[in-house]
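What TrEMBL says about this protein:
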type	residues	note
ACT_SITE	GLU279	active site, charge relay system
ACT_SITE	ASP283	active site, charge relay system
ACT_SITE	SER476	active site, charge relay system
BINDING	ASP517, VAL518, GLY536, ASP538	Ca(2+) binding site
DOMAIN	206-557	domain 'Peptidase S53'
SIGNAL	1-17	signal peptide
Amino acid sequence: MIATGLLLTSLFTLGLSKPVARSLRLHEARSTIPTGFSHVRSADADTVLNLRLGLVSSNVDQLVETLYDVSTPSSQNYGQHLSRSEAAAFLSPSSESLEAVNAWLNENNLTAQSISPAGDWLAISVPVSQANEMLDADFSVFTHEATGVQSIRALQYSIPTDLAGHLQLVHPTTTFTQPTSPKLPLNAKRVSASAMEKRQSSCSGNVDPACLQELYGIPTTAAANADPIVVTGYDDQYPSNTDMSDFLSQYRTDIASSTTWTIVELDGGSDDPSDPGDEANLDVQYTVGLATGVPVYFISVGENANDGVFGFLDTVNYVLSNLSDAYVVTTSYGSNEADISTGVFSKLCDAYASLGTAGISVLFASGDGGVSGSQSSSCTDFVPTFPSGCPYVTSVGATTGTSPETAADFSSGGFSNVYATPSFQTSAVSSYLSYLGSTNSGLYNTSGRGFPDVSTQGENFLIGYEGSFYTVSGTSCSSPTFASVVALLNDKLLSAGKSRLGWLNPWLYENSGALNDVTSGDNPGCSTNGFTATTGWDPVTGLGTPNFAALLTAAGV
Ligand SMILES: *[C@@H]1O[C@H](CO)[C@@H](O)[C@H](O)[C@H]1NC(C)=O
Ligand SMILES: *[C@@H]1O[C@H](CO)[C@@H](O)[C@H](O)[C@H]1NC(C)=O
Ligand SMILES: *[C@@H]1O[C@H](CO)[C@@H](O)[C@H](O)[C@H]1NC(C)=O
């Protein structure tokens, strides 16, 4: 009897022309509209949304285990990085997940397109009315008050109950990024010729490549075996050849002023030399101009990124599938962790883990708002930045001055609310928390991943821009500087027949003595003095600034 009943039910289901409504369960929600945005109205029913479905990757645990295995110096498999396709394969969804999600889409007459090398991201185009029904959502128009830019988001959505464990997230829904991501040069000041002439050595005044080479012992001779550095660029920013040539003629008289980079265009990115960007110029001038002899790619990510997170998702897939010779990636953009849905952050962070497993070092600027976030803002609780909270990126903070180097007061640092303290830094973080005692108690997450990991100079960097010279400040200066150091270390390692550094963090924390410890300064914000730099790791300057010779020794060369 029971068997017959079941059979009848399933035949009945198959015979329906419309799918039975699936039972839905709330999947992601935000309790409030993020600060700076306001709700305008429900979105028009027939507006077509381009949504991305992030499928659960079947082997994240194994990915992370492999990442640690190939990146921890004491491990037998240290340096045995996987190929990019092997590393990406950990992110693939199971065939059950793929079938379950596709079956749901088919019932709704939707066809998905795979948009990541591992197949864990699918793209669909769907009218608002149908998306609202499928996800029990109210897709609405929101305005970013400062810019007037509108976007369609949902404050909450549900997914079919039986897709739990298969479908990790639907995006963009609850992620609200600022339409313009932080452009980090804090204070661009025009520098007169006489000020340049008076520049002191050792980065005690304005900073140029020569003083960084001197301060950190960075080689000035050309790399012999270097792989390219990838500089990522957003916000319609491109570097200028003439500004580069001015910069090199002034500050790297020992190399050809015609030294250049390769631009690659993604998501409609372009290259408009008549409209260069200060951030793009800075990032390229302090890679081309500091990592001597190292080729540089500039990825121009355009406005068709549509990935709801500046283009970071598209960038990581592009590096994995299209830039097979690059092993160091630096990004001077970011935002606040709370703006990004946990689901999206977690998918992106897993993707950074796959880059690390393939031997690629991923560096990000930590942010320019001290403890108040990526940019200075009013706050009560401290604001961790994105994506520095991901343990698989190396977050770079800023210092200033030379005798001794001290924390730059804007250097973002703190503790993630999403990722727990990873094993490579538990001892460093617990020492710092003991030192801190009850200071700032309740304002930050004592169990979070601490950042930044390292730092470099970040104030008064001289750049060529629109035919003259400026100084700029920010952790934007620091990430390309540290990336250049890593590329030059990789060059020496490859020349010695050794493998690249790959994911840096376990190696850095095991060799903290190879960094110059920065023990003074702080990063104020939220009406506090923020955190204070001290002996050992701190959430202002990380482990410290690079000492090239000591890092080389630590790497076994
Ligand atoms: C899918 O298409 C079929 C045939 O055109 C139609 O009968 C059905 O109602 C559609 N289903 C949905 C959910 O739009
Ligand atoms: C990147 O590589 C993929 C796979 O090889 C290719 O389909 C795609 O067109 C490439 N993208 C760009 C922007 O070149
Ligand atoms: C603190 O961080 C942990 C991860 O380590 C997280 O699970 C928890 O939700 C965070 N607490 C708050 C208040 O955000």
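Cβ atoms are placed via backbone N, Cα and C, with glycine included.
Mapped onto this structure are the features recorded in TrEMBL.
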residue : record                           : Cβ neighbours (10 Å)
GLU279  : active site, charge relay system : 25
ASP283  : active site, charge relay system : 31
SER476  : active site, charge relay system : 31
ASP517  : Ca(2+) binding site              : 19
VAL518  : Ca(2+) binding site              : 28
GLY536  : Ca(2+) binding site              : 15
ASP538  : Ca(2+) binding site              : 31
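The DSSP secondary structure for SER476 (active site, charge relay system) is helix.
In this structure, GLY536 (Ca(2+) binding site) belongs to neither helix nor strand by DSSP; it is coil. Among the recorded positions GLU279, ASP283, VAL518, the ones whose Cα sits within 10 Å of the Cα of SER476 (active site, charge relay system) are GLU279, ASP283.
On the backbone, the CA of VAL518 (Ca(2+) binding site) and the CA of GLU279 (active site, charge relay system) stand 26 Å apart.
Each residue contributes its Cα atom, and for ASP517 (Ca(2+) binding site) and ASP283 (active site, charge relay system) those atoms are 25 Å apart.
Distance between Cα atoms for ASP283 (active site, charge relay system) and ASP538 (Ca(2+) binding site): 25 Å, as a whole number. Here the Cα atom of GLU279 (active site, charge relay system) is found 27 Å from that of ASP538 (Ca(2+) binding site). Those residues of the chain, other than ASP517, VAL518, GLY536, ASP538, with a C-beta within 8 angstroms of the mean position of the Ca(2+) site C-beta atoms are THR519, ALA533, THR534, THR535, TRP537, THR541, GLY542, LEU543, GLY544.
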